[in-house]
Amino acid sequence: MQVDAVLVFFCVWLRSQAGNLQTKQATKRHQNGRRWWSQNCPIYKRSPDLTKSPMTKSEQLLRIDNHDFTMRPAFGGPPIPVGVDVQVESLDTISEVDMDFTMTLYLRHYWKDERLSFPSTNNQSMTFDSRLVKKIWVPDMFFVHSKRSFIHDTTTDNVMLRVYPDGNVLYSLRVTVTAMCNMDLSRFPLDTQTCSLEIESYAYTDDDLMLYWKKGNESLNTDDRISLSQFLIQKFHTTTKLAFYSSTGWYNRLYIHFTLRRHIFFFLLQTYFPATLMVMLSWVSFWIDRRAVPARVPLGITTVLTMSTIITGVNASMPRVSYIKAVDIYLWVSFVFVFLSVIEYAAVNYLSTVQERKERKLRERLPCTCGIGNPDEMMIDPQITGYGSMDVNTTGNYGMPENGGRQEQILAQVALNDPQIANRVKPSRGYVNIWIDTHAIDKYSRVVFPGAYILFNIIYWSIYS
């Protein structure tokens with residue numbers, strides 16, 4: 001111990017004295033002293049760090065040529081544990097037509113391969129790119145139910161390999177994958193979808209490779225800036241299960257589940273609100289006179305065609321599923337309401353035509369009313385007409401039809417109340433109640449149609465919201 005202390009002191013003194021020498025001979029002695037100092041002084045006598053040596057190749061340092069990396073680590077022994085963690089960079093697209101989603105993520109693997117251990121004092125790990133990955137063993141992961149996937153290669157392959165002195169390995173790559181997502185659209189567009197990305201080893205069963213999430217549910221990280229135009233991301237979580245194949249055996253499978261809730265505001269503006277306005281527009285015909293055929297008929301046809309266009313536009317952007325969606329129920333019920341408003345006017349027009357035809361036939365079968373006394377007096381006389389003195393105001397407009405056929409109604413009633421005329425007319429059941437107020441159908445429709453549609457909306461939104 002004392003000898004080492006003396007040597008250290010002598011080395012320090014020699015270095016300080018060598019710095020003050022100016023002559024060529026002193027400089028030469030100084031160089032010889034530095035050489036002796038670096039070789040014998042204990043404070044400068046260290047083991048060489050091979051990771052810092054530019055003359056040492058990584059293949060030689062990792063002894064790649066000394067091992068067969070076509071076999072997994074600890075081949076023939078227990079299964080090698082491979083931890084996985086994922087950082088989701090973006091959710092690019094979600095397609096209802098193709099039933100898939102596209103995701104970009106950083107996929108990282110962790111395992112230990114003692115064949116890659118190396119001596120190091122200063123450098124804790126060594127980092128390589130994709131060129132070394134092809135020379136060593138890495139887990140053969142793939143995405144189950146994927147349609148398309150690729151590793152980003154701009155400007156070079158986005159692959160990183162980090163090897164630690166004890167043989168621990170971190171293997172990271174940036175991947176974009178398009179995978180299948182089975183969606184249930186029965187509640188569309190008021191639906192919530194859950195999609196899954198599944199990761200599995202292709203060749204190694206659970207006897208050779210044990211795949212697990214490195215930190216449980218915390219192994220999945222997401223970017224806070226992830227957002228979708230149609231969906232709200234509610235939750236990300238992970239699970240682990242075993243998958244069985246009849247020909248090859250059991251495999252560990254990792255799942256990334258994410259739950260998405262669809263934004264409804266877009267569909268309110270583009271689908272529900274226009275459909276509701278078309279139904280309300282069809283009710284306008286109930287306030288239009290039944291004799292205004294050019295006004296009521298085009299209004300009904302226009303609303304029916306508009307509803308057909310809305311239904312066609314919605315179904316054009318949706319997959320051709322074999323079940324009824326929530327939006328289909330709303331649109332088709334709205335279409336039925338619009339269609340019934342057209343049928344309502346057809347019923348009003350038909351009943352009016354039937355009424356006029358009956359009055360015309362009755363008028364042809366009645367004898368001439370010239371022999372009847374003053375019609376005004378006959379209508380006022382309660383014994384003939386059946387009206388009291390309170391009906392004078394209501395019948396005072398005789399000769400000026402109010403609802404089309406008012407005059408024929410009064411004449412028919414007067415004629416049938418005259419015993420002499422009534423005996424000449426063959427009784428017919430069809431002429432007992434010849435007056436039908438066709439305007440009453442419009443009056444009832446003004447209440448029934450809005451009330452039924454409001455009730456439908458209450459039931460619909462209470463079920464699907």
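The backbone N, Cα and C atoms fix where each Cβ goes, glycine too.
Look at TrEMBL and you will find 1-18 tagged as signal peptide.
Annotation comment: TrEMBL describes 64-263 as domain 'Neurotransmitter-gated ion-channel ligand-binding'.
The transmembrane segment annotation in TrEMBL covers 264-287 (among others).
Residues or ranges marked as domain 'Neurotransmitter-gated ion-channel transmembrane' by TrEMBL: 271-383. Sorting the domain 'Neurotransmitter-gated ion-channel transmembrane' (271-383) by DSSP state (H, G, I as helix; E, B as strand; all else coil) yields 92 helix, 0 strand, 21 coil.
If you look up TrEMBL, you'll see 299-317 (among others) marked as transmembrane segment.
Feature annotation from TrEMBL assigns transmembrane segment to 329-351 (among others). With a threshold of 8 Å between CB atoms, the same-chain residues lying at least 6 positions outside the transmembrane segment (329-351) that come near it are 271-272, 275-276, 278-279, 282-283, 285-286, 290, 293, 296-297, 300-301, 303-304, 307-308, 310-311, 314, 436, 438-439, 441-442, 445, 449, 452-453, 456, 460.
Residues annotated as transmembrane segment in TrEMBL: 447-464 (among others).
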Average pLDDT across the domain 'Neurotransmitter-gated ion-channel ligand-binding' (64-263), rounded to a whole number: 92
